[in-house]
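Pulled from TrEMBL, these are the features on record:
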type: ACT_SITE; residues: B:E323; note: active site, proton donor
type: DISULFID; residues: B:C60-B:C104; note: disulfide bond
type: DISULFID; residues: B:C277-B:C328; note: disulfide bond
type: DISULFID; residues: B:C503-B:C520; note: disulfide bond
type: DOMAIN; residues: B:25-145; note: domain 'Beta-hexosaminidase eukaryotic type N-terminal'
type: DOMAIN; residues: B:167-484; note: domain 'Glycoside hydrolase family 20 catalytic'
Number of protein chains: 2
Amino acid sequence: GARIIILPRFVSCVNPESYPESTSVWPLPQIVILSSERYQLKPQSFSFGYRRYLDTKHSCSVLDAAFKRYFSILFPGYTYGNDTLQLSENEVFTLTISLDRHDCEGYPNQDSSERYKLNVFAGQASLNAETVWGSLRGLETFSQLVYQDDFGSYYINKTEIEDYPQFNYRGILLDTSRHYLPVQAILKTLDAMAYSKFNVFHWHLVDDPSFPYQSHKFPDLSNKGAFHPVTHIYTQSDVRRVISYARMRGIRVLPEFDSPGHTKSWGKGQSELLTPCYRGGTPSGTFGPVNPTLPSTYQFMASLLKEVASVFPDPYIHLGGDEVDFSCWRSNPYIRAFMHKMGFGLDFSKLEAFYIEKIVNITSVLRKTSIVWQDVFDYHERRKFLSVVEVWKQGCYLCEVRRVVKAGLRVILASPWYLDQPGPTHNWARYYNVWPLAFKGTEKQKSLVIGGEVCLWGEYIDATNLSPRLWPRASAAAERLWSNERQTSCVERAFPRLQEFRCKLLRRGIQAEPLYVGHCKHEYQSV
Amino acid sequence: GARIIILPRFVSCVNPESYPESTSVWPLPQIVILSSERYQLKPQSFSFGYRRYLDTKHSCSVLDAAFKRYFSILFPGYTYGNDTLQLSENEVFTLTISLDRHDCEGYPNQDSSERYKLNVFAGQASLNAETVWGSLRGLETFSQLVYQDDFGSYYINKTEIEDYPQFNYRGILLDTSRHYLPVQAILKTLDAMAYSKFNVFHWHLVDDPSFPYQSHKFPDLSNKGAFHPVTHIYTQSDVRRVISYARMRGIRVLPEFDSPGHTKSWGKGQSELLTPCYRGGTPSGTFGPVNPTLPSTYQFMASLLKEVASVFPDPYIHLGGDEVDFSCWRSNPYIRAFMHKMGFGLDFSKLEAFYIEKIVNITSVLRKTSIVWQDVFDYHERRKFLSVVEVWKQGCYLCEVRRVVKAGLRVILASPWYLDQPGPTHNWARYYNVWPLAFKGTEKQKSLVIGGEVCLWGEYIDATNLSPRLWPRASAAAERLWSNERQTSCVERAFPRLQEFRCKLLRRGIQAEPLYVGHCKHEYQSV
């Protein structure tokens, strides 16, 4: 096809000082009306409220927990409830939440509305949202509007905000196979994600180096495939904890079980799953991708995926499908015989397609929608069985995005947000200067771009450097995925806002690295 | 001059598996004789001992404190004294220290011997050193020889070690001007430095962005020049704490007060120190380097340096002298008039030399030896007044080293160890593959290379990312500066040793980033 012309996408930023004063909220809300009128807040006379069901026994645990979290964020050192005095109504500053659908029981999903309206006016605040997940986004915005003066008093200005995300899928990928990440490090990341309004934790659970997921059906997978069968695994209880912690913050957990490649660690606990490689007519003792020719493979995968589908509530599963090396398949006479029987000739991508289709079908039967890496889209002729494609390769990634949406499939864009690379050439501005819709296409095609994802692969990352590698650079991508493009097109304008947001992250205990020379009122205190 | 031919420096590493088994101690000791015979250690029956003065009231506080530290490192969770039972002598494993010079009162210096002999034999250990500083190096080595089996029992193998450093100056530079580093972050770095046998903390205290040193003679320097006059300063008590903490670990504190450039923050608290820049015949309101034409400048510098000389016990002071921008001097008519009067013509480097010579003379009167950045050496004709030159520029840095030693001056090499740059292209192997003496020169000239220094400039570094940026990559430089070149010339051989050392750093609470895919028995636990 013809090379796509990248449309001009950034409003000129020649005189950034001439822009109207904007809020420091990150990511920038869609509509903000600010006033210089301000109200003082006091920990002793601040409260959260929301309308409960008529049946008062039904409270909303998601909101109750959020009130506790945000109270301590608003007033560090204070605890909600303990530090609130009994006062008459007009002495209290109340943030009152109303929900169009008072449904606090489920999980956030791809179609959840995150829209909210926040109004701070006459010494009171009201927050309206369609869903509880939207109200969490509004609470985050509210918390960022509150500031302290030099004497330590808390204030919030009269403000009107109407807000919703540009893209519904705003993800962060963590890789727990190349290095094990303690559960605490994952939970801390979920905290920070909520501060930047990310809403999907893409958990790349397993890969070649280790298999830390403790399956109850196949315990040998982690017993033999994890770095250590006790200290370097995620138990069912760990997984439940991560899912619940994420849900409380309006974050989905998308599990990835990548196959048929990237499965070396699987083979340790599940014999006859991987393809034996041959050299000179005999097995060499090494193993390749999953063996797609054996019925036992599909029985195992169906059984494992059935467990995964029940453990992870999200209606989506990531099936991987990237970087399958054909050399081992090619070396194996049984695989070649199977290829011949199936009429695949010497085209191993047909064998891969055969495998992936079967796995996608298994997933469909489990009523889950599958996401695959772009390789699956690129190498397969029958694309109708696919749903969502994640674009990750470098080069003209928008060309690929365009190809996928032209085929009528949905896209998640990851290519420009591979954050493993650190350093001045890979700074936040690089991640800010991305616009996923800057390709020539119809409105309908563009609506198929459901969002983007920051990927933090684990070759050089573990709990020692995860936070400073991720924050605040991932927040640059977060604004791109949440905010209006035209209002957030100028790097110079974004810089002081991101600096201020980074100081807020420090204040909340997130080890976010500095953007450049300078300081925060409250520096990170190493322990 | 002719381009220097870099001599071949690395022993071929074609078949790294064929090397004899070596110890995991990092940096590698000069001579190690290992045995498979091993002795069990138990926290309850382990003790340190050393011969005291005949007058038993004189104990060695440096050693007493080191025993406590290393006991908790050897046996995590145990406390020396508390967890030691009263046992008869032959039930106890004792590490007995003897010092040739039992002098525990002073500070380590450039000429201090760090040589030690360690002998583990027949269920006992002896450590002999010329100085208390050497014994600290030996204690570190001892602590790295102890290991746990799968059941948690502690062991040490029969071992003979004779050890001394290749270079006497093994430094780390931290920059507390571009970002303020909380004292805790500095102390933690000193801990980690001792684990890699670094012995100089080069404290780049002040620079353009901020002046955090609280001078008692000139309190306005930090009152007006620090990022914040209370929370972002180092009080006299902070400085004493850093110096004392460093001394207990055998580490010198080398203060740098960089001038005449890099002094913007000085001007806020000391009027008429900096040069007013002119535009079109009138002062522009901006300021340049220190004004070298006024007597008041030298009165101020003499007074400040006198304070610095008394606060910092090390006989060396770093005077900076790098990157002086001449444009402001050139714009100022009074400076030009002074140049004319002095017969400097239009050569502003002569003015710079005039300034630096005066500052060096002030320092000499204070009985301190000055260190300067290579710029001072490069641009000045009269080099005899210089003592130690620190080479920092990129390019053929060994050419520069050679020029400096040919002029009879001593050299510290920093160029290859600028660790601000992170990432795969700037990995540990890059810092390991440096040999400071790989230039053509006489033995006498080579002996003038007194060591090297890892520089962690602060543009993109603060307490959030200091540790993972520094460790374990700085440890690669540490082995280059301590160990025998021929025994440590093979990156493949070093890799598993450095991986193991990095796990030890984690176990000791140092947030050292991973080298590559893998795991440690005890991962870093984020708090």
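Glycine is treated like the rest: Cβ placed from N, Cα and C.
Keep in mind the model is a prediction, meaning the values are calculated, not measured.
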Subset of B:C60, B:C328, B:C503 (disulfide-bonded residues) with C-beta under 8 Å from chain A:
none
Please name which of the recorded positions listed here, B:C277, B:E323, B:C328, B:C520, is nearest in space to B:C60 (disulfide bond), Cα against Cα.
B:C520
If you skip the near sequence neighbours and keep only those at least six away, which residues in the chain come within under 8 angstroms of B:C520 (disulfide bond), Cβ to Cβ?
B:R502, B:C503, B:L506, B:R507
Looking only at B:C277, B:E323, B:C328, the recorded positions on record, which one has the least crowded Cβ, with the fewest other Cβ atoms within 10 Å?
B:E323
May I ask for the distance between B:C104 (disulfide bond) and B:E323 (active site, proton donor), taken between their Cα atoms and rounded to an integer number of Å?
40
Should B:C277 (disulfide bond) be counted as helix, strand, or coil on the basis of DSSP?
strand
Going by DSSP, is B:C503 (disulfide bond) sitting in a helix, a strand, or coil?
helix
Cα of B:C277 (disulfide bond) to Cα of the residue listed as 'active site, proton donor': how many Å, rounded?
17
So what's the average pLDDT for the domain 'Beta-hexosaminidase eukaryotic type N-terminal' (B:25-145)?
90
Give me the DSSP three-state residue breakdown of the domain 'Beta-hexosaminidase eukaryotic type N-terminal' (B:25-145), ordered helix, strand, coil.
34 helix, 35 strand, 52 coil
Count of other CB atoms lying within 10 Å of the CB belonging to B:C60 (disulfide bond):
21
